[in-house]
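Asker: There's a structure below that I have some questions on.
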Amino acid sequence: MASASAAAETLAAASLPVASPSRSLLRPLPRRASAGGGCSASVRISAVPPRGLGFAVVQRRVLRRPPAARANVEREGDGAEASGPGEASSSSSGDGDRDGAAAAAEAGGDGASTSTTSAAATPPQPPSSKRGENKWRRKLIKGGGVGRWLWEPIVQGREMGFLLLQLGFAIFALRMLRPEIALPGSEPRPQTTYVSVPYSDFLASIDKNQVKKVEVDGVHIMFRLRPEVEARAMEQPQVQRGTDSVADNAGVPRRIVFTTTRPVDIKTPYEKMVENSVEFGSPDKRSGGLLNSALVALIYVVLIAVVLQRLPISFSQHSAGQLRNRKNSNSGGAKVSESTDIVTFADVAGVDEAKEELEEIVEFLRNPERYIRLGARPPRGVLLVGLPGTGKTLLAKAVAGEAEVPFISCSASEFVELYVGMGAARVRDLFARAKKESPSIIFIDEIDAVAKSRDGRYRIVSNDEREQTLNQLLTEMDGFDTNSAVIVLGATNRADVLDPALRRPGRFDRVVMVEAPDRFGRESILKVHVSRKELPLGKDVDLSDIAAMTTGFTGADLANLVNEAALLAGRSNKEIVEKIDFICAVERSIAGIEKKHAKLKGNEKAVVARHEVGHAVVGTAVANLLPGQPRVEKLSILPRSGGALGFTYTPPTTEDRYLLFVDELRGRLVTLLGGRAAEEVVLSGRVSTGALDDIRRATDMAYKAVAEYGLNQRIGPISVATLSNGGLDESGGSPWGRDQGHLVDLVQREVKALLQSALDVALSVVRANPTVLEGLGAYLEENEKVEGEELQEWLKSVVAPKELTSFIRGKQEQVLQLEAGS
């Protein structure tokens, strides 16, 4: 019972609250002898300092005990150390310790002491935090000596730097606001009282030899009296009124500084001051005083803060020169997708072929043993190539969602930053993280940012940092284990600029082309977006018709189209989204937004109306000759945000087309130049600059027909670009020269002749339909819009002259005449 009482007394003494690790607490507690057979209690006190301090204080007291009892205690203590968070431990609250001691006392004898020792030897569990568990460490002090305080740092050096920075700000603010308060270990500053007196009092004090020190600044004079005189001056009423505003701190000296202003016509009594041995001088204006010093100190504080924020060196107990990311992430912008909105293949439509290519990847990630046991090597990398907006990133997310594995995504531009060597280090960290969480997926978006070819064709100057990053990426991709279960997905829209070493089998084994969707794919994409948004559609909306109107649209374009249609319907306060909303959204995507206030007037309005009618007349004549060609459905002379003053809408064909025949190309050339031809006919040769975009597009089409498509008889089936570059040599060399000046001149002459022939044919078509040109032009000028059946009623009387028929069928008579004339 005596032993239990001693243990209870010791625990009660240990339950005193510990506020801070002061010097008095660092002394070990005195020993307490046990009254029952020499058995003793081991007590551990944990003092957790307030939040913000970076140390944990641990005191342990080890007392002597008999060998047998000591062995039992050590065995039980080891078991307590190995137990989890739910183990019993002695607390610093007095009631719990007293209850435990009382229970031990009832058991009696040595067993009670041993039980108490076992419970008390269990270390307290520190509270967990989001930054990780504090590193509490226990050290056994051999020899049974007196217990010691153990100090363990639980914060990193960077956090300690910020704590010191905050302390510096606090001291700076304290010195600025309360300069009279002394810092620890320094003498308190004397409180200064400034008293303004007349200049006559200053002269009288000089004559009486009462002045100790004078500071002259032009006509402004500050002076202090001698100590015995200053003591008497403290009792004057004007001085007491000046000192009432200053805090009266005990033990803080005060001083009085008198100020006065010297009249400009009176000299300063320097001779009298020299005679009375008065210290005098002028202020040093090279230093800006208190404000300048404060600004300098503030600049230093801000500079230290910036350095601590951006410095990539860790001040922790690890390597002093170890580089790490300033954002506390070794992998740069790499992040694991933890979104609850999981993307699957059901959310991806219009790219069925790409889905099939990626299904095997998904199956491998779900069941890798199925392939590994057969000796099959899974694809180490899959490169997704396609136009912007076709869904490359969405496909990668769908692969991760189907396989239910960690999806680590990053952008290739995040690898290379300011610090040299950071790119390669981040690549290593990224792949190490992926291997640790395998099976997993690494997705590198816009991989061409760091993987451009190193042969000099696609770079202007050398960039060693990017080359190091690329080399590390090549090494990591080629250094996978066969069972690592980590797959790399890369996305780019510039596969031609990638380094050949990256595209070879063994790194990116598969290249999946993600193309723009066809008509059925566009319809599927529209259904997905409509169902996701739960869009209320009108009865006149047929998504197959919308898909037919949007030839060439990508998945991102279609998503934006659905959103624009919903916005237009909401702008009109509609309850449902109608077909007209989708049509307006398509026109906004193609031609821009109609301007409500910028209206054409006068002669410009008439010219633009005839220009658009010229396109419609020539396009209708071409459609009459070529079956299956779409017809003009809408004319408008309302200016749009894209810079177009007029708009001629010709919908795409009802079926997807992948080839363009020579007669269709010639028909498009004539249609593009129909507006310019109408201006020449109506204005008698006084044309405008309104055909700028038409001429640009027609020139591009004619050049490709001559120089790339091989549709010209004089040039023949030759690719002029390949011929001028010296072939398709991968190294960029020129095996047989690039001096092809005569060929370039010939191409230019052929392009010019083709465009001139198309313009002459367009003039013939416009002159053959004067009634439609004038009548429809005047009607469009008045109404600003013509569409639908009303437009078709005007265009049904358009005729196609024989010149158009000859030109579309490839007759070269006019072209040859132009060449002979030149």
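Cβ atoms are placed via backbone N, Cα and C, with glycine included.
OK, Swiss-Prot features for this one:
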- G386, L387, P388, G389, T390, G391, K392, T393: ATP binding site (BINDING)
- H611, H615, D694: Zn(2+) binding site (BINDING)
- 1-34: compositional bias 'Low complexity' (COMPBIAS)
- 80-94: compositional bias 'Low complexity' (COMPBIAS)
- 101-122: compositional bias 'Low complexity' (COMPBIAS)
- 1-44: region 'Disordered' (REGION)
- 67-136: region 'Disordered' (REGION)
- 1-70: transit peptide (TRANSIT)
- 154-174: transmembrane segment (TRANSMEM)
- 288-308: transmembrane segment (TRANSMEM)
Asker: Can you tell me which of the binding-site residues G389, G391, K392, T393 is spatially closest to D694 (Zn(2+) binding site)? Compare CA atoms only.
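Answerer: Considering only the listed binding-site residues, the nearest one is G389.
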Asker: Given G386 (ATP binding site) and H615 (Zn(2+) binding site), what distance in Å do their CA atoms have, once rounded to a whole number?
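Answerer: With distance taken Cα to Cα, H615 (Zn(2+) binding site) is 34 Å from G386 (ATP binding site).
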Asker: Which of these binding-site residues has the least crowded Cβ, counting other Cβ atoms within 10 Å: T390, T393?
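Answerer: Minimum Cβ neighbour count within 10 Å, taken over the binding-site residues T390, T393, occurs at T393.
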Asker: Calculate the distance in Å between the alpha carbons (Cα) of H611 (Zn(2+) binding site) and G389 (ATP binding site), and round it to a whole number.
Answerer: 34
Asker: Taking 8 Å from the centroid of the Cβ atoms of H611, H615, D694 as the cut-off, which other residues in that chain fall inside it around the Zn(2+) site?
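Answerer: Neighbours within 8 Å of the Cβ centroid, excluding H611, H615, D694: E612, G614, G646, T648, L672, L673, G674, G675, R676, A678, G690, A691.
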Asker: Return only the integer: C-alpha distance in Å from P388 (ATP binding site) to H615 (Zn(2+) binding site).
Answerer: 31
Asker: If you measure G391 (ATP binding site) to H615 (Zn(2+) binding site) at Cα, how many Å is it?
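Answerer: Spelling it out, the Cα of G391 (ATP binding site) and the Cα of H615 (Zn(2+) binding site) are 36 Å apart.
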Asker: Give the distance between the Cα atoms of K392 (ATP binding site) and H615 (Zn(2+) binding site), rounded to the nearest whole Å.
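Answerer: Given the Cα positions, K392 (ATP binding site) is 38 Å from H615 (Zn(2+) binding site).
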Asker: Please report how many Å separate the Cα atom of T390 (ATP binding site) from that of H615 (Zn(2+) binding site), as a whole number.
Answerer: 32
Asker: Using the recorded ATP site (G386, L387, P388, G389, T390, G391, K392, T393) as reference, state which further residues of the same chain have their Cβ within 8 Å of the centre of those residues' Cβ atoms, listed in sequence order.
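Answerer: Output for this site, in sequence order: L384, A491, N493, V514, T554, G555, A556.
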Asker: What three-state secondary structure does DSSP assign to D694 (Zn(2+) binding site)?
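Answerer: Helix, per DSSP.
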Asker: Mind checking which of G386, G389 has the fewest other CB atoms within 10 A of its CB? They're the binding-site residues.
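Answerer: Taking G386, G389 as the binding-site residues, the minimal 10 Å Cβ count falls on G389.
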Asker: Per DSSP, G386 (ATP binding site) is which: helix, strand or coil?
Answerer: strand
Asker: Which entry in the list of binding-site residues, P388, G391, has its Cβ near the fewest other Cβ atoms, using 10 Å as the limit?
Answerer: P388
Asker: With every protein chain in view, how many other Cβ atoms are within 10 Å of the Cβ of D694 (Zn(2+) binding site)?
Answerer: 18
Asker: Sorry to bug you, but what's the C-alpha spacing from H615 (Zn(2+) binding site) to T393 (ATP binding site), rounded to the closest Å?
Answerer: 40
